[in-house]
Amino acid sequence: MNLWNDIPTRASGLKTVHVIVEIPKGSWNKFEYDIEKGFFAFSGISSSSLPCPVDYGMIPQTVGGDDNPLDVLVIMDQPTFPGCIIECRPIAVLRMRDGKSRDDKILSVPSSNSQFKEMKDLKDIPPYFLDEITHFCQEYGKLEGRTAKVIDWEDAKNALRTIERAKDLYKQMLTIKSLFLLD
């Protein structure tokens, strides 16, 4: 099973998505899902003084502006593990540029966790927490030798639009791949 290709984007409704965790909250270890080979690989230890403040992962069957699966950040009270699939509700999007390409990150909460039922949109997130996530994402990119630039935070409506565009890019990618396989 290839988690990126075989797990649907949408979970139980139009406003929930599946998230595949790559880096657990509190970890300095970096894991990445290899979309071609279909497994998780350890890709190093972050040299940041900050551990990951959220579970960090991807939304299946999506392609972001950097030609990788769309990144997603999950607000959790406890860390999960690489490969964990969580049904989440997108509540905001962090607009970023990584070098010359877009590298947006969807901020979400687990839809089944009543602790986060009041978090439905950007306005519901404490500003200090947005600052912590923004700082982490900026520093994380810099430590990888990339120029990570934060543009702005946007609301849940724009997060859902971003996911739809990423789903469309995924479908276009599949179409292009199938055309080349026919020759």
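Backbone N, Cα and C define each Cβ position, glycine as well.
The following features are taken from TrEMBL:
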| type | residues | note |
| --- | --- | --- |
| BINDING | Lys30, Tyr56, Tyr140 | substrate binding site |
| BINDING | Asp66, Asp71, Asp103 | Mg(2+) 1 binding site |
| BINDING | Asp71 | Mg(2+) 2 binding site |
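Counting other CB atoms no more than 10 Å from each candidate's CB, the binding-site residues Tyr56, Asp71 peak at Tyr56. With a cut-off of 8 Å between CB atoms and residues at least 6 apart in sequence, the same chain places Ile23, Phe42, Ser43, Gly44, Ile45, Ser46 near Lys30 (substrate binding site), listed in sequence order. Proximity to Tyr56 (substrate binding site), defined by a C-alpha to C-alpha distance within 10 angstroms, is shown by the following binding-site residues from Asp66, Asp71, Asp103: Asp71. DSSP assigns Asp71 (Mg(2+) 1 binding site) to a strand in the three-state reduction.
Cα to Cα, Asp71 (Mg(2+) 1 binding site) and Tyr140 (substrate binding site) are separated by 13 Å. The substrate-binding residues named in the record, Lys30, Tyr56, Tyr140, extend over a maximum Cα to Cα distance of 12 Å. Cβ neighbour count within 10 Å across all protein chains ranks Asp103 highest among the binding-site residues Asp66, Asp103. Same-chain residues that are not part of Asp66, Asp71, Asp103 yet have a Cβ within 8 Å of the Cβ center of the Mg(2+) 1 site turn out to be Gly64, Gly65, Asn68, Leu70, Met96, Asp98, Ser101, Arg102, Asp104, Lys105. Lys30 (substrate binding site) carries a strand DSSP state (E or B). Taking Cβ-Cβ distances under 8 Å and a sequence separation of 6 or more, the neighbours of Tyr140 (substrate binding site) in its chain are Ser46, Ser48, Ala148.
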